[in-house]
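Structure record follows, encoded as structure tokens.
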Amino acid sequence: MKTLFDTKELLNEFDINLIGIDEAGRGALAGPMMMAACKLNKKLDGLCDSKKLSEKKREELYEIIIKNSNYLILAFSSEQIDTLGLSTCLKTGLKLIKKHFKAENNFLYDGNTNLGINGIKTQIKADTSILQVSAASILAKVSKDKVMNFLAKDFPCYEFEKNKAYGTKAHKEVIAKFGICKLHRKSFKLL
């Protein structure tokens, strides 16, 4: 029986029972952090780390993934992140993901810690090498971007549709000039 630690074998073999997990918006200055978990029904071509794909390609793959998988997308608001803390939100997300999917599945989270949640393995940069984690990465990123595009209409000066709430120079300049809005994470260093 292969384990999740047999990474080279996982790269060459599709595991129908593997749930890939990733998040997007973890380091954003505003808006939600999205966590996604994905169990693919079949091997899909073109999947890789969402950060390496164009926005158009991510959106195309998003549609393919949701039609060919069992998935879960969770959102943690900036208020939840400020109140509970990022680690607690991540831990809660991992627990909800485990509860959503059956226990006989294997869980692989992109990163270096499972935050103490038993049964969840981790691998740094898994989103670049494991299809299910790549799929989760795409689901989380596209979901985060859609939310920020929607919220940008109510907060036009912050240009969330462009910066997706990350700490770009232009975003920080707007914060310095106009202050923060209700979407900003007050527990983060914003300037």
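Backbone N, Cα and C atoms are what each Cβ position is placed from, and that goes for glycine too.
Of all the Cβ atoms in the protein chains shown, 23 others lie within 10 Å of the Cβ of D110 (divalent metal cation binding site). As annotated by Swiss-Prot, divalent metal cation binding site applies to D22, E23, D110.
Annotation source Swiss-Prot lists domain 'RNase H type-2' at 16-191.
Ranking the binding-site residues D22, E23 by the number of CB atoms within 10 A of their own CB puts D22 at the top. Using the Cβ center of D22, E23, D110 for divalent metal cation, the list of other same-chain residues with Cβ within 8 Å runs, in sequence order, I21, A24, M35, A36, Y109, G111, A126, D127, V133, A136, S137, A140.
On the 0 to 100 pLDDT scale, the domain 'RNase H type-2' (16-191) averages 96 in the predicted structure.
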